[in-house]
Each structure stands twice: as C-alpha cells, then as structure tokens.
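What follows is a short report on a single structure.
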Amino acid sequence: MAKILVLPGDGIGQEIVPEAVKVLEKVAAKHGLDLQLQEGLIGGAAIDAVGKSLPDETLAMCRQSDAVLLGAVGGPKWDTLPAAQRPEVAALLALRKGLGLYANIRPCFLYPALVDASALKKEIVVGTDMVVIRELTGGLYFGEKFREAYTVTSLSGEEVEMGEKAVDTLVYTTPEIERILKLAFETARKRSGKVMSVDKANVLESSRLWRETAQRMAADNPDINLESMYVDNCAMQLVRDPKQFDVIVTENMFGDILTDQASMLSGSIGMLPSASVGGEVALYEPAHGSAPDIAGKGLANPLATILSVAMMLELTFNMTTAADSIRNAVERVLNAGYRTGDIMTPGAKQIGTTEMGALVREQL
Ligand code: NAD
Ligand code: IPM
Ligand code: MN
C-alpha cells in the first residue's frame, strides 16, 4: 500500500496537481501499485481555510505518508503578511526543514521536440541533460534574520538613527556540506562521474568551507571527477555551453537561482520537476511557483508536476519502469506537437492544462 499525500496549494497548484494525480492513478493501476491518496491543506489556501499555512494536521499527515506531492504555495493575496507567516516561509520552508529534506534534486532535461521552445539557440541547448543537486535546509534561507535601527554616533557622541538595518546570516557546517556532496557523488556515479561544485569561495567563508570539504571528499573518491566553479561564472557557462555540465551541486540560494535559469534549457520552468529528499518522507514538487499571472486560466503546463510523479515512482517506490513510462508518454505527446503556451513552438498545437494531462494519460 502506497500512502500518498497530495498538497495542491495555491495558484496553478490547484490546476496542475489534479492532472499529475490522475497520471499517478493510471500508472499505479497498470504497474500494480496499490494507492491510498489523501489530500491536505497547505499555503495560502490553508490560511484562508484554517488560518495557518502549514496546519499541524498537514505536517502529521506528511509524516504518515510514503511520499508527498506538492503543487506550489504563495501569491499576491498573502504577500503582505508578516514574513514569518507567509506561505513560502511558514509552509514550504517549514515543511522542508521539518521533514529534514536537505537535498533537492532538479533534473534539467531537454526533450528533443522542445529545442525550439528554449529562449536559447538550438545548437546550444540541444542535448541538455543535467541534474542540479541543491542544498535545501541551510544557508541564507535558514540563518539568523533580524532588523534593527541603524544608528551612527555623531561627533558629539550622540547616537543618531539613520534608518533600518536588515540581517540575514549564511551558515554552513561541515556535516551539512558532506551529506549533500555525498548525494552528488552518488548521483554522478550513475551518470558520467563528473561533479561541478558551485560556490563563491573567492568571497564567502561558507563557500571556502564548502570548497575545501568538496576537495577533501573528492580525494577520498577517486572515481569522481570533481571541479569547482564560482557561481557567477556558472550562471554564464549555463547559457554559453550547458552541455559541459552533468551533475551540479550547490548551496541553497545559488541552487534556487541557477535552476530557474537552467529551466530555460529544458524549454520552460514548466518542464522542471524536483524531488526533495534526505528526510522522513520525500516531497515531490515542480521547481516553479504558483504562477499568479496565469492561475485559474487553464494555461499552466502540468508536465513539471507529472514528471515529479515519475521521480516519486523511481525514488520512493523503486519503480523505474513505471517512471520511464511517464517520461516516454510525455515525450510522445511532445513529439506529436502538443504544447502548452510556455513551450509553444512554430507549427505546434497549443492546448491547455487539462488537455495536456489527458494526452499524457492516453499515451500511458
Ligand atoms: P513562478 O514560477 O510562479 O512564475 C514565474 C513565471 O513562470 C510566470 O510568468 C509564470 O506564469 C511562469 N510559469 C511558472 N510555472 C509555469 C507552468 N507550470 N506553466 C506555464 N508557465 C509557468 O514564480 P514567481 O512569479 O516568481 O512566483 C509566484 C509565486 O509563487 C510567489 O508567491 C512565489 O513566492 C511562489 N513560489 C512558490 C514556489 C513553490 O511553492 N515551490 C516556487 C517558486 C515561487
Ligand atoms: C523554490 C522556490 C522556494 C525556494 C520559495 C518559494 C521559498 O523558489 O522551490 O525554488 O526559494 O526554495
Ligand atoms: Mn525557486
């Protein structure tokens, strides 16, 4: 029995998650996986319903599940809440931290049919196939944060208030760096053996510890070909020559930014799935957000969420054949020329969220 908790959340989460759930149901039936699906509240939707973006019941339900499928959280309606109550912080970051999900795996793969969907030139993106391993429970996101009055002492010795001071601290410990690099090495072993560790070791102390740790571990793992690169250069190299990368490992905020950028190599942020792992129960979530600009219009691309279901089958349930059947179904639909607006290419047929979900299921 596979107990799966479904958390649609906000914005397009409400539209894409039902499509992915129906894909999961069909694949589970075909491959003999006995599903027990439950739905829970999270994000702004949970604030509106019960006054809290991560209700205790939702967290408890996560802990009793074998896997969790999340849409997205956040939106303009909740942007003005105090920082600690915002869905992004109080629900998503709290859930990742609460479940101990220190690693976010974001595969960035370009389906050949989508070469013309990328904003980049075809000859640059064709053949893109990389995985970004993003540290998910450390760094700036979880450091000490505060504001206080910003004062200077005048010549007469008086404290003069000049405005405000805002502080975010960036902390990494050796064990945090070691465990994420270990996952990157394990991932690389199943691929080319190449790992690019991305940091800002020319400026940041936390990055210097990161780089030293990576190099020490590489010395103990001679089968791994580890290189380090500064994050600013990596941002440039990703669009100059993405095929030089296979596995990228990096800290939380660099990974957040680089993966949105890398998503354009796959055609759209709507194509980028993810798995947040390392803790009590894995969380499968598209890399994109709640897309308020298109929410409620039936335009959202459900493929990142559908491909996150494939990751769930592979990583949580060890069902590689079932996972591949989803990826192949997606490929056939794209090859047949069907596109949501975000991946539209010349001559293709534009369809909406529910049509895309239905076409993928037809191909299963
Ligand atoms: P976003 O990823 O929601 O949207 C960025 C752009 O990409 C928008 O133009 C949007 O329409 C488009 N887009 C995103 N997903 C798409 C899809 N599946 N199909 C087609 N187009 C898609 O990022 P944002 O606009 O910066 O943030 C919107 C809200 O989502 C904010 O509240 C933000 O905090 C939140 N957010 C949540 C998550 C999450 O829950 N994991 C991730 C990122 C952002
Ligand atoms: C993501 C999102 C989140 C992050 C936000 C919503 C907290 O951008 O999953 O990439 O920065 O991790
Ligand atoms: Mn992000």
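Glycine residues also receive a Cβ, built from the backbone N, Cα and C atoms like all the rest.
Marked as NAD(+) binding site by TrEMBL: 75-88, 289-301. In three-state terms derived from DSSP, ALA83 (NAD(+) binding site) belongs to a helical segment. Within 10 Å of the C-beta of ALA83 (NAD(+) binding site) there are 10 other C-beta atoms, taking all protein chains into account.
Sequence annotations record features per position, and here TrEMBL assigns substrate binding site to ARG96, ARG106, ARG134, ASP232. Cβ neighbours of ASP232 (substrate binding site) (same chain, under 8 Å, six or more residues apart in sequence): LYS200.
Among the features that TrEMBL reports, Mg(2+) binding site is placed at ASP232, ASP256, ASP260.
As annotated by TrEMBL, domain 'Isopropylmalate dehydrogenase-like' applies to 3-360.
The annotation site 'Important for catalysis' is assigned in TrEMBL to TYR141 (among others). Following the DSSP three-state reduction, the secondary structure of TYR141 (site 'Important for catalysis') is helix. TYR141 (site 'Important for catalysis') has a Cβ environment of 20 other Cβ atoms inside 10 Å.
The site 'Important for catalysis' annotation in TrEMBL covers LYS200 (among others).
When the binding-site residues GLY75, PRO87 are compared by the number of other C-beta atoms lying within 10 angstroms of their own C-beta, GLY75 comes out lowest. Of the listed binding-site residues ASP79, ASP256, ASP260, the Cβ environment within 10 Å is emptiest of other Cβ atoms at ASP79.
For ALA291 (NAD(+) binding site), the number of other Cβ atoms no farther than 10 Å from its own Cβ, over all displayed protein chains, is 22. Across the structure, ASP260 (Mg(2+) binding site) and ARG96 (substrate binding site) are spaced 19 Å apart at their Cα atoms. According to DSSP, ASP232 (substrate binding site) sits within a helical segment.
ALA291 (NAD(+) binding site) sits 16 Å from ASP256 (Mg(2+) binding site), taking the C-alpha atoms as the reference points.
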